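This report refers to the structure that appears directly beneath it.
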Amino acid sequence: MGSVSNQQFAGGCAKAAEKAPEEAPPDAARAADEPQLLHGAGICKWFNVRMGFGFLSMTARAGVALDPPVDVFVHQSKLHMEGFRSLKEGEAVEFTFKKSAKGLESIRVTGPGGVFCIGSERRPKGKNMQKRRSKGDRCYNCGGLDHHAKECKLPPQPKKCHFCQSINHMVASCPLKAQQGPSSQGKPAYFREEEEEIHSPALLPEAQN
């Protein structure tokens with residue numbers, strides 16, 4: 001009995017020894033799951049400064065020229081540069097990238113030889129409210145430049161000339177406006193709407209008294 005058990009134990013050890021080399025080391029299995037980084041070079045095809053992303057036109061991969069070029073996605077967070085990160089259209093770049101379910105995505109983007117990217121001279125534009133106020137619009141209720149009458153926090157103010165802010169006359173008889181002539185007639189429609197709201201009895205209940 002003992003000799004049979006020893007033989008079975010020895011046989012089991014031999015089979016285990018045969019199976020052991022088939023199992024891959026943990027590090028090798030992990031490396032196989034990670035995406036392989038590839039090297040490319042080319043130019044910036046286009047880049048949206050406001051959204052912070054664009055596409056590279058890869059003209060060479062691992063030193064081998066590509067014809068036609070291949071598009072590679074780029075996000076501003078991957079750009080090697082200081083300050084505001086962006087790319088200029090046609091700017092020469094070198095980069096590492098990977099293959100993903102969405103396509104080719106850049107991992108790190110630099111200028112030729114690993115230098116900083118040049119970037120675009122463009123900067124994101126301000127909000128529409130800032131652009132609107134930069135044209136010299138003012139509140140027709142209090143005369144403030146930082147808001148419109150619809151946004152004014154003050155109660156309805158006494159009627160006054162909306163051109164020179166004088167309370168001695170209305171805009172129709174303003175001498176300063178008359179001196180400017182027809183140039184003052186090109187007032188946008190929303191200016192007239194706000195004037196009508198300021199003059200309306202709903203906003204000026206004291207006018208009914």
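Backbone N, Cα and C define each Cβ position, glycine as well.
Taken from Swiss-Prot, the feature region 'Disordered' applies to 1-31 (among others).
Feature annotation from Swiss-Prot assigns N-acetylglycine to Gly2.
Annotated phosphoserine per Swiss-Prot: Ser3 (among others), in sequence order, evidence recorded as similarity to another entry.
According to Swiss-Prot, the domain 'CSD' annotation covers 39-112.
Note on Ser120 (phosphoserine): other Cβ atoms within 10 Å of its Cβ, all shown chains, come to 18. Sequence annotations record features per position, and here Swiss-Prot assigns phosphoserine to Ser120 (among others).
Here Swiss-Prot flags 137-154 (among others) as zinc finger, drawing on sequence analysis. Predicted-model confidence for the zinc finger (137-154) is 72, expressed as mean pLDDT.
In terms of DSSP helix, strand and coil, the zinc finger (159-176) has 5 helix, 0 strand, 13 coil. Residues annotated as zinc finger in Swiss-Prot: 159-176 (among others).
The annotation region 'Disordered' is assigned in Swiss-Prot to 177-209 (among others).
Under the heading phosphoserine, Swiss-Prot lists Ser200 (among others), citing similarity to another entry as support.
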